């Protein structure tokens, strides 16, 4: 989910949640209707649907209320939260490591990578959800589970039928931006490389095509795809795989890149210009019409194996939506930390809990690292962005 849902980062502290406007009520009614539909849950060993039924029975409802209220005021948050979920799970597993502002090791955290940084959108919503649940049930519900619930609720708000989310994840203690390069699909990747990375995370090539459909909502900054509309090759300034009228439209929005351009000021374009606020199969129809924004989007129709799946989804929205829900459940089980000593339940999602004098040290790969001086955060200009590396979603 390359750049979708991106806009200026909301990495500041909590603020009071805004009151829901009257205009948002039709939107909430649509969400309520979606909750009446469901798809079969994927039962994952170690995780459990209804995990908090005894310890914090209103946790999921509280997260849903926050997410739907925030999306009612700003529809772009739906894409942003799903993107954060993917970027968290795909690197070191679904451990909320992407939410950390700093770590005991002093490593620069994942959120400062050029794949994340200012493009993360929805962090404040997750802070509000965590503080709400924490006020109800202190030290009970992990940030990793709150993120999984919120991603589901964001998908439902955007039109996906309701699906269960198994819970029981613990929060990780480490986060390092150096874990991303080489482990995250990028906008310039072709199908073989993307499939390789998905299989490495326990996901399939079909999951790749299914989850790429999240590009039905949100958008990407021009610098993420400008290589397709300016200086594409020696023989063609524009990628010939793009529909000419679509390419010209993009060039009107996106000027040629210049040295010293501020990436935060780069214009944005919707992945799906027809139904940009609805999670549906129009994305696949747009691909078949040569209107895929990223190189990796277009790659799905060039590869014969994935094109067959694109054709299927373009013709059946219900099938894609059901498979999207199942793929999100599967993604949410990637390298989860489950059980005592595997991690912790953070009090704040941005910070690892400080060890108390009475606490016993953990004895797993998530043991608290030794403190060392913090590395300086990189200053992100366009020159700091790894070529083609801006995160898959």
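Placement of Cβ uses the backbone N, Cα and C atoms for every residue, glycine included.
Residues or ranges marked as active site, proton acceptor in TrEMBL: 87.
Under a cutoff of 8 A between CB atoms, and with a sequence separation of 6+ in the same chain, the neighbours of residue 93 (Ca(2+) 1 binding site) are 172, 334, 335, 336, 337. Taken from TrEMBL, the feature Ca(2+) 1 binding site covers 88, 91, 93, 95, 97, 110.
Per TrEMBL, substrate binding site is recorded for 185.
Sequence annotations record features per position, and here TrEMBL assigns heme b binding site to 215.
Within 10 Å of the C-beta of residue 280 (Ca(2+) 2 binding site) we count 21 further C-beta atoms, all protein chains included. Taken from TrEMBL, the feature Ca(2+) 2 binding site covers 272, 275, 280.
The compositional bias 'Polar residues' annotation in TrEMBL covers 355-367.
What TrEMBL lists as site 'Transition state stabilizer' is 83.
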Extra residues within 8 Å (Cβ to Cβ centroid of 88, 91, 93, 95, 97, 110), Ca(2+) 1: 87, 89, 90, 92, 94, 96, 98, 172, 175, 179
Greatest C-beta neighbour count within 10 angstroms, which of the binding-site residues 97, 275: 97
Cβ within 8 Å of the mean position of the Cβ atoms of 272, 275, 280: remaining residues of the chain near Ca(2+) 2: 216, 217, 274, 276, 277, 278, 279, 281, 282, 283
Residue among recorded positions 83, 87, 185 with Cα closest to the Cα of residue 280 (Ca(2+) 2 binding site): 83
Residues satisfying Cβ distance under 8 Å from residue 110 (Ca(2+) 1 binding site), sequence separation of at least 6: 87, 88, 91, 97, 98, 100, 116, 175, 176, 177, 179, 180
